[in-house]
């Protein structure tokens, strides 16, 4: 057993990052760090996010691989256990360049034809296990992200674009998952956040808790939140996460 030092080594608590451990794209608070330190003495902890590890380091700190027992970047396609890297998967190897080029050409053409209040840079971000598509671009400032999120709720830009992609590529075997404030992920069906659970099977956890803020249908926490292997906790903010952790695990 890898976690014999814990009070309850058969319980794993997994967290989404944006909106759950940190405000969207911002850094972790001292209060959250202290809460997680207390929690880690009792149980096994990990995070699972769609971003790559470099962005998770920006948000959760440079010692992230040591601060969590499990670190799952890109939904677990890149994975670490106790600081050691586990086997990884590649989106481009799975889809192939021919299909990938068709997908990207359609996305860029679609984005050029829609009316948006602003455009910045990095509309398609290529990652190891997925692509991330942002109509206004990932280089938007925090204020621009907040403004766009309100605009998107009114005009359903991402939702409409996802439907257009599903219609254009019905046989590509892709899932489209809206997450964060300004973007959505595109990845092979089955490579959602439940993908990370295969990395923890060898520990035979009796309880796996998951905390996430996008647990509604179409949100990028939906599949793992509703998976029969997990106990789902829907949160509205990092403060909400701390409150539920204190109540559930008696941390105070």
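Don't overthink the numbers, they just go from 1 along the chain as shown.
Using the three backbone atoms N, Cα and C, a Cβ is placed for every residue, glycine included.
213 is the only one of 213, 227, 239, 240 that Swiss-Prot places in the Mg(2+) 1 site (with 16, 18). Among the binding-site residues 16, 225, 230, none has a Cα sitting within 10 Å of the Cα of residue 185 (alpha-D-mannose 1-phosphate binding site). Each of the binding-site residues 183, 230 was scored by how many other Cβ atoms lie within 10 Å of its Cβ, and the smallest score goes to 230. Neighbours of the Mg(2+) 2 site: apart from 225, 227, 230, residues of the same chain with C-beta atoms within 8 angstroms of the site's C-beta centroid are 194, 208, 210, 223, 224, 226, 228, 229, 231, 232. Put simply, 227 is the one of the binding-site residues 138, 145, 227 whose Cα lies nearest to the Cα of residue 16 (Mg(2+) 1 binding site).
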